[in-house]
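Swiss-Prot has this to say about the protein:
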- 41-74: repeat 'ANK 1' (REPEAT)
- 77-108: repeat 'ANK 2' (REPEAT)
- 196-231: repeat 'ANK 3' (REPEAT)
- 235-266: repeat 'ANK 4' (REPEAT)
- 282-312: repeat 'ANK 5' (REPEAT)
- 344-375: repeat 'ANK 6' (REPEAT)
- 378-410: repeat 'ANK 7' (REPEAT)
- 461-490: repeat 'ANK 8' (REPEAT)
Amino acid sequence: MDYCGRECTILRRLLDEDVTYKKIKLEIETCHNLSKHIDRRGNNALHCYVSNKCDTDIKIVRLLLSRGVERLRRNNEGLTPLGAYSKHRHVKYQIVHLLISSYSNSSNELKSNINDFDLYSYMSSDNIDLRLLKYLIVDKRIRPSKNTNYAINGLGLVDIYVTTPNPRPEVLLWLLKSECYSTGYVFRTCMYDSDMCKNSLHYYILSHRESQSLSKDVIKCLIDNNVSIHGRDEGGSLPIQYYWSCSTIDIEIVKLLIKDVDTCRVYDDISQPYIRGVLADYLNKRFRVTPYNVDMEIVNLLIEGRHTLIDVMRSITSYDSREYNHYIIDNILKRFRQQDESIVQAMLINYLHYGDMVSIPIVRCMLDNGATMDKTTDNNYPLHDYFVNNNLVDVNVVRFIVENNGHMAVNHVSNNGRLCMYGLILSRFNNCGYHCYETILIDVFDILSKYMDDIDMIDNENKTLLYYAVDVNNIQFAKRLLEYGANVNATSLSIINTAIQKSSYRRENKTKLVDLLLSYHPTLETMIDAFNRDIRYLYPEPLLACIRYALILDDDFPSKVKYDISGRHKELKRYRADINRMKNAYISGVSMFDILFKRSKRHRLRYAKNPTFINFVSNIKWYKKELTSIITETVKNGERIDSIVDNINTDDNLISKLPMEIQREILYYSIK
């Protein structure tokens, strides 16, 4: 065998794209041992010529065969000349026939090289011969060899063919009808809607959307032959969603691709933070090309079929609010209003309940089209539904709702019997990790508080806002409620009892919540009620803080409650010893106990600069925290009043003419 150690002239000439029969005939006829000439890649003369990009001349092939060049020679890639020729861009039926050879193997079995022809490669060529397809598939029942490239591109014959520049419907139809033949070739990689992979429609649209050469005949042929318009790719997109990325949209093609499709259905894109769907993608600039254009005729077509109002709402508001096409949204709402004004009201409710980013202009557009904020749907006002939205609540949206007659919801329980703010509190503030939202919650409360008839309103479970704030251990919100007048002594459910349980779950400053509540002086009855219930706690500090407070109210407190405090005899002994110290220490004939716990803050202010009062805490061990807080507050208030008096006396005014002691007395009454 004559392997070319240097470039073999005849083989190199056969690879030239300008080679012709006239030019090469003499060289072939005069070449010595042409059948022995092999290049470094293992190609013989036939390999070289049929791999040439030129228009293959059957006369040259016949001439090479007549000179003994082997049809069955395999090159380094394992390909015979037939296998190499099947990758040509313009395969000819007659040449394939010439290159096919039958032979007997070592077992004397009749074999053929027919399976070397790579149908996958052939289907990607520009010129498909239907006769050749029928010959290979029907007559010869061709099967893929190990050298076919299906494993590389992963596509079936139909999938490959539709990606060619100009697939012909008649070829496509024949391929689709030939799936029944047992050849071993894959015709379509995605056969069923449940496969969740691109089907032939996806590939056709994807490969032709830039060239704008989509054919209605090809699309119709695919659809009519069981290529499903309902098939979804790996990300969940339908063929019609691929079509939206074309710069020109043909409504007739749209009609073909959406028949019986739920065009308003939406889903979450797992690869990116977007809500996707047929209508949603059509309206979203992100999934369209420039120039962005929305045809209301197509929009109407998309919302004519079956749909739910939730899906319609999510479709038209699924994208970035900075890119909303308000004109289109307004037209869609007008269309529904013409059918029934209650539809727009339902869309408002659904938008507030499910919208991933509620936009005030969209809400205003819904109001302009007949929706209202003061109408209930299933016993819920719109504000109720907004507060159960799983996405972040926008303070500005809340303000817009209540300022547009949505404030009525504030004094009504929702359809599940809960307070208006219940969903807002529970959905995001049910563990310490969400306390970054406290500012939003407090800002929302500040807006709603102006409309509240009763801050201690109870829901169907006899729970108040303060109870819920304590239940979710939201100290800042509880503090704001107390500042606005919420009653720590609410009798419906024990707030103190709940605080003991929830406070003990905090890793740091375990008594902060109960300290806040106790600073608002719950009554003895409230404390008794708390300890008459089942008490649960993880750490004892909140419980002990409440016991200390209750003993100040009544030394005999332990005997008046069901909860067994007597087991903590050591703590009780210590607390009572501190109380006795306070009762036996006097200033101006008044016991420290009375000054600290019985008299008013105004009375206590008189002792703000008294060293005995200020230093008293040093002799107290178990009530040190409580006394330090009281004395610090008293001194701070005293300094505040002194500062006010100093400022008053810098000007000539009526109060400045009064003696300073009287000025202070007047200011004392400003302290509760």
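For all residues, glycine too, the Cβ spot is worked out from N, Cα and C.
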DSSP says what for the repeat 'ANK 8' (461-490): how many helix, strand, coil residues?
16 helix, 0 strand, 14 coil
Using DSSP, how many residues in the repeat 'ANK 2' (77-108) fall into helix, strand and coil?
12 helix, 3 strand, 17 coil
Beyond a gap of at least 6 residues from its ends, the CB atoms lying under 8 Å from the repeat 'ANK 6' (344-375) belong to 275, 309-310, 312-314, 317-318, 321, 324, 326, 329-330, 333-334, 336-337, 381-383, 385-386, 388-389, 391, 394, 396-397, 400-402, 404-406, 408
What is the number of residues in the repeat 'ANK 3' (196-231) that are helix, strand and coil, as DSSP sees it?
18 helix, 0 strand, 18 coil
Mind pulling out the one from 41-74, 282-312, 378-410, 461-490 with the most Cβ pairs under 8 angstroms to the repeat 'ANK 4' (235-266)?
282-312
Other same-chain positions with a Cβ less than 8 Å from the repeat 'ANK 1' (41-74) and lying at least 6 residues past its termini are 10-11, 14-21, 24-25, 28-29, 31, 34-35, 80-82, 84-85, 87-90, 92, 94-95, 98-101, 103, 113
Same-chain Cβ contacts of the repeat 'ANK 5' (282-312) under 8 Å, 6 or more residues past its ends?
241, 244-247, 249, 251, 254-255, 258, 260-266, 274, 276, 318-320, 323, 325, 328, 331-332, 335-336, 343, 346-347, 350, 354
Mind checking how the repeat 'ANK 6' (344-375) divides into helix, strand and coil residues in DSSP?
20 helix, 0 strand, 12 coil
Number of helical, extended and coil residues in the repeat 'ANK 4' (235-266), per DSSP
13 helix, 1 strand, 18 coil
PLDDT averaged over the residues of the repeat 'ANK 7' (378-410):
93
